[in-house]
Amino acid sequence: MSHIVIRGIPFATRLRAAQGGAKELLKRDRVRAQKFLAGKPHHAFLAAKAKRHSSTGAESSIDVTDSGVTYTIQVGVGSPATDYTLLIDTGSSNTWIGADLPYEPTSTSYDTGNTINVSYGSGSMSGEEYTDTVTLGPDLVIQNQGIGVASYAQGFEGVDGILGVGPVDLTQGTVSNTTDVPTVTDNLYAQGTISSDSLGISYEPSSTANVSNGELTFGGTDSTKYTGTLNTVPLTTTSPASAYWGIDQSVSYGTDQTILNTTAGIVDTGTTLLLLATEAFQAYQQATGAVEDSTTGLLTITSEQYAELQSLYFNIGGVTYEFTPNAQIWPRGLNSILGGEEGQIYLIVSDLGSSVGSGLDFINGFGWIQRFYTFFDTGNEQLGLATTAYTDADTN
């Protein structure tokens with residue numbers, strides 16, 4: 001297997017100072033969830049399948065940086081390339097820059113003359129759509145990639161934009177005079193650089209921010225990053241979860257109490273917390289004895305309650321994945337990022353803000369993905385999951 005290693009430049013999280021701490025994080029996750037719940041028809045995987053062709057490419061991996069609340073990647077745009085720090089987002093599909101560092105046109109830049117407007121619920125951008133050479137790594141160079149160049153961006157302090165790696169249909173209606181904008185993964189596949197239209201993501205839990213402890217593998221998986229079998233499940237057909245990287249799952253607290261019967265939701269790198277439909281969240285809060293912390297808005301528990309905390313069990317495609325007590329808490333070494341108290345124990349499980357049966361009843365966010373290897377397989381219309389060396393880690 002071919003590995004291309006790029007060290008990410010640390011993204012100093014400004015959550016506490018500039019964005020209002022955990023309450024703002026919680027608000028952003030919930031507003032993002034409401035945007036997802038609005039939904040849209042989903043034909044992305046059908047379209048992607050129609051574009052498949054033979055390819056001589058393999059798979060290539062690059063390192064990405066854990067900022068404490070999300071992951072970022074260094075992306076080169078133009079020739080010679082200017083490097084931009086972009087948020088990795090499986091819940092949207094446009095790639096754009098210009099929120100902070102301005103765009104530097106080069107000989108490979110082409111202004112399409114079209115406008116771009118993208119709303120994320122928790123933020124938005126508008127500007128011009130260009131095509132340009134995009135470099136993810138030495139062996140991951142994309143010609144004529146559609147990129148938005150922001151003239152206005154709100155809600156993206158401290159980063160330059162978004163690397164959107166969700167289903168391509170999410171780009172529909174975002175760029176004028178354009179049906180859709182192929183994602184970087186789609187174009188790497190179409191240009192023969194990778195052998196399958198897919199993306200493997202390895203994130204790891206950490207008690208410090210700004211570490212290069214994540215990896216994206218375009219065109220396949222990195223078997224050194226997971227343990228046991230990579231299990232695949234078909235994407236859900238339930239709307240609106242089907243518009244995103246949606247799957248069906250049930251959730252139990254401990255081995256005896258089901259708090260969420262099998263239902264549809266999504267796996268999303270752009271959401272920080274683990275969000276459950278209101279009834280499931282309330283059952284979880286009651287079972288744990290947690291109380292809402294007035295400072296952060298998150299659930300908090302005592303050390304004694306933490307000692308009694310049970311695992312959450314996610315049943316996905318007939319396979320059970322254990323989300324340990326340690327996985328359910330915010331890394332205590334990063335409490336300052338939340339604006340929280342040193343030594344306090346905060347839970348990452350929170351209220352989605354909608355009732356069971358909405359068609360999107362959970363979001364397995366960043367904190368969940370740090371415990372399981374995740375394979376976003378566009379070409380085969382499926383999601384793959386596996387345990388890792390960090391599934392049972394006690395680092396939090």
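Cβ atoms are placed via backbone N, Cα and C, with glycine included.
Some features that TrEMBL has for this protein:
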ACT_SITE  D89  active site
ACT_SITE  D268  active site
DOMAIN    71-386  domain 'Peptidase A1'
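The sparsest Cβ neighbourhood within 10 Å, among the listed active-site residues (D89, D268), is found at D89. Taking the C-alpha positions, the distance from D89 (active site) to D268 (active site) comes to 7 Å.
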